[in-house]
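Chemist: Take this structure, written in structure tokens, and hold onto it; I'll ask about it next.
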């Protein structure tokens with residue numbers, strides 16, 4: 001949740017922040033999530049609140065994770081350059097090529113800053129699409145909502161993976177590691193709770209995920 005972040009360097013975002021309209025039901029859900037997160041029990045904080053719609057809960061949290069990652073990546077953009085990161089990777093074993101199925105149909109190899117720019121722009125477009133992420137009360141979520149949300153979260157995970165593998169030294173230098181770890185732990189507990197990302201996709205950070213999980217038991 002955004003309240004976890006200090007406002008010094010962290011207020012610089014990579015893309016414009018996506019706001020949930022105040023007074024809407026989704027805004028109320030976001031406030032509920034922030035309140036439960038404040039209790040410190042992340043496993044409990046990610047659970048679907050009683051009587052709430054699963055799609056809406058996933059939508060609100062997906063917007064929030066986009067904003068968190070946007071902020072985190074915004075703090076290290078000066079270290080993630082064409083020269084330092086000529087490919088989008090998460091350690092030596094994992095490399096990502098970009099395709100969005102519309103503008104770029106065949107996966108292309110590109111630098112990490114280019115990939116993340118493509119990725120965050122694509123996510124932003126999905127979040128701004130009222131037919132996919134309806135913000136008005138009574139407007140139903142589309143049938144393919146869950147598969148779109150899963151793709152968004154799978155791709156956002158790759159930004160965490162890249163930051164941890166390639167830029168953790170810079171994160172520590174900036175004293176942002178507590179923010180990064182809390183944000184990632186919240187993200188992982190959320191996707192685990194609703195089984196939103198395939199285990200194979202999580203492999204680049206598997207050790208860290210196990211460590212975060214065991215600390216919480």
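Backbone N, Cα and C define each Cβ position, glycine as well.
Nobody curates TrEMBL annotations by hand; they come from automatic prediction.
Among the features that TrEMBL reports, Zn(2+) binding site is placed at 80, 85, 162, 167.
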Chemist: Quick one: give me the count of other CB atoms within 10 A of the CB of residue 80 (Zn(2+) binding site).
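Modeler: Result for residue 80 (Zn(2+) binding site): 21 other Cβ atoms within 10 Å.
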Chemist: Return the residues near residue 85 (Zn(2+) binding site) by Cβ distance under 8 Å, restricted to its own chain and a separation of at least 6 in sequence.
Modeler: 111, 112, 113, 162, 166
Chemist: Around the Zn(2+) site formed by 80, 85, 162, 167, list the extra residues of the same chain whose Cβ is within 8 Å of the site's Cβ centroid.
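Modeler: Filtered neighbour residues, in order: 76, 79, 84, 112, 113, 116, 163, 166.
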Chemist: Which chain-mates of residue 167 (Zn(2+) binding site) that are at least 6 residues away have a CB under 8 A from its CB, listed by sequence?
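Modeler: In sequence order, the residues whose Cβ lies under 8 Å from that of residue 167 (Zn(2+) binding site) (at least 6 apart) are 76, 79, 80.
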Chemist: Around residue 162 (Zn(2+) binding site), how many other C-beta atoms are within 10 angstroms of its C-beta?
Modeler: 25
